[in-house]
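Annotated disulfide bond per Swiss-Prot: Cys4-Cys20, Cys8-Cys22, Cys13-Cys27, in sequence order, evidence recorded as similarity to another entry.
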Amino acid sequence: GLPCGESCVFIPCITTVVGCSCKNKVCYND
């Protein structure tokens with residue numbers, strides 16, 4: 001998917017509200 005410009009190393013993705021999910025410590029939108 002496309003990177004959402006957010007990392008999820010220490011905290012979860014805030015961008016999950018727009019369909020992003022954590023993959024390999026980076027938030028991606030599938």
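Cβ from N, Cα, C; glycine included.
Cys8 (disulfide bond) and Cys20 (disulfide bond) are 11 Å apart (CA-CA, integer value).
Neighbour density at the Cβ, taken as the number of other Cβ atoms within 10 Å, is lowest among the disulfide-bonded residues Cys20, Cys22, Cys27 for Cys22. The Cβ of Cys13 (disulfide bond) lies under 8 Å from the Cβ of Cys4, Glu6, Cys20, Ser21, Cys22, Cys27, each of which sits 6+ residues away along the same chain. Within 10 Å of the Cβ of Cys4 (disulfide bond) there are 20 other Cβ atoms, across all protein chains. Counting every protein chain shown, the Cβ of Cys8 (disulfide bond) has 20 other Cβ atoms within 10 Å. Secondary structure at Cys27 (disulfide bond), as computed by DSSP, is strand.
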